[in-house]
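The structure appears right after this line, and notes come after that.
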Amino acid sequence: MSLQKSNKITPFLTFDRQKWAELRKSVPLKLTEQDLKPLLGFNEDLSLDEVSTIYLPLARLINYYIEENLKRQTVLHRFLDVASPKVPYIISIAGSVSVGKSTSARILQALLSQWPSERKVDLITTDGFLYPLTTLQEKDLLKRKGFPESYDIHRLIQFVSDIKSGKRHIQAPIYSHLTYDIIPDQYNVVDQPDIVILEGLNVLQSGMNYPSSPHNVFVSDFVDFSIYVDADEDLLKEWYIARFLKFRRSAFSDPNAYFHHYSKLSEQEAIRTASSIWDEINGLNLKQNILPSRERANLILIKGEDHAIQTVKLRK
C-alpha cells in the first residue's frame, strides 16, 4: 500500500516522494538535459530525476483521466445523437507567486505532447487576462495586481468556455513581464488542441473571490484536472526575494523594463524592497485568495527547501 497512514479525515491520498515515484511504472523518459534547460524557471535548478520521480507518474495519471474523459464524451454524444466535436482536455495549475507554476506547466506540456503519442498541447497563462496597465492605474489597482479584481474575469471565463465548446481560433492576450503590461494586438491562438494547460494564480478561485463581479460560472467549472503547487510561505518569500535579486541584475537592467529603476538599488535595498512587496502584495494575496483555493485541487504538489517536490496529495 503506497499511502501514508493518517487518522485525520481527508479527501486526499498522500504519497511521499518515493512511493509516488513507484507509480511511474514503465512510462519512458523522453526528455534530455538539453530539452529540460529551456523549461526551467528563472530561479530554478530542476533535474531529470525530478521529472522522472514526480512528473512522469503525474503524466501517467493524467493520461488515464484523458482516456476516461474521451469515453464519457463519446457516450454523451451517442446519447444526444450528435457529431462529436473536438473538445480539448483542460488542466489548470495554480499556486503562489514564485512557487514554480510555470516550470511545472512547461514540463507537463513537454511530457504530454510526447507520450503515449504525439499530441498538441497548448499552454496559456492567465496573466494575459489581467487588465491593461492603464486600466489598473485608472482603477487604482497597481498594488492589487494579481488580486481577483485585477483580472478581466468575464473575458477569461468566456475564453475557457469557448475552448470547451470546441470553437476554433480562440485568441488569448499575451502579457509581457518586461513591460508589466498586455502586449497590444498580439495573441496566442488556441485552435482545438488535444490538451490546454491553463496556468495562473486564480484558476481555482470561486465566486467568493469576485463579489463585485458576479457570475454564475467559474474557470474551475471548465477544468478537467486541477493542480496546486504548494510550499511553506517562508520558502515562497525566500524564493521571491532570490528571484527579485536575479532580475535586478538581468531583466531589470533593460531600459525598457517597467522595473528598470530597481536595477539601481544596492543589494540590501533590493532585499528590503522585495521583502516589502511580498508582505504588502504577494503574501497578502496568497493568504486571502490563493491558499484558500488549494483544497479544491485534484492534486497538490508540496515542495521542500530545494524546490523538489516532497509530498503529493491526490484527491480520492
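Just so it is clear, glycine is given a Cβ too, placed from its N, Cα and C backbone atoms.
Features of the protein shown, as given by Swiss-Prot:
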BINDING   Gly95, Ser96, Val97, Ser98, Val99, Gly100, Lys101, Ser102  ATP binding site
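Fewest Cβ neighbours within 10 Å among the binding-site residues Ser96, Ser98, Ser102: this applies to Ser102.
Residues within less than 8 Å, Cβ to Cβ, of Val97 (ATP binding site) and separated from it by at least 6 positions along the same chain comprise Gly146, Leu201, Leu236, Tyr240, Asn282, Asn285, Leu286. Residues within less than 8 Å, Cβ to Cβ, of Lys101 (ATP binding site) and separated from it by at least 6 positions along the same chain comprise Ile93, Ala94, Gly95, Glu199, Gly200, Val229. DSSP assigns Gly95 (ATP binding site) to a strand segment in the three-state reduction.
The binding-site residues listed here are Gly95, Gly100; among them, Gly95 has the most other Cβ atoms within 10 Å of its own Cβ. In sequence order, Val229, Leu236 are the same-chain residues whose CB sits within 8 A of the CB centroid of Gly95, Ser96, Val97, Ser98, Val99, Gly100, Lys101, Ser102, the residues recorded for ATP being left out. Using a 10 Å radius centred on the Cβ of Val99 (ATP binding site) and all shown protein chains, the other Cβ atoms total 26.
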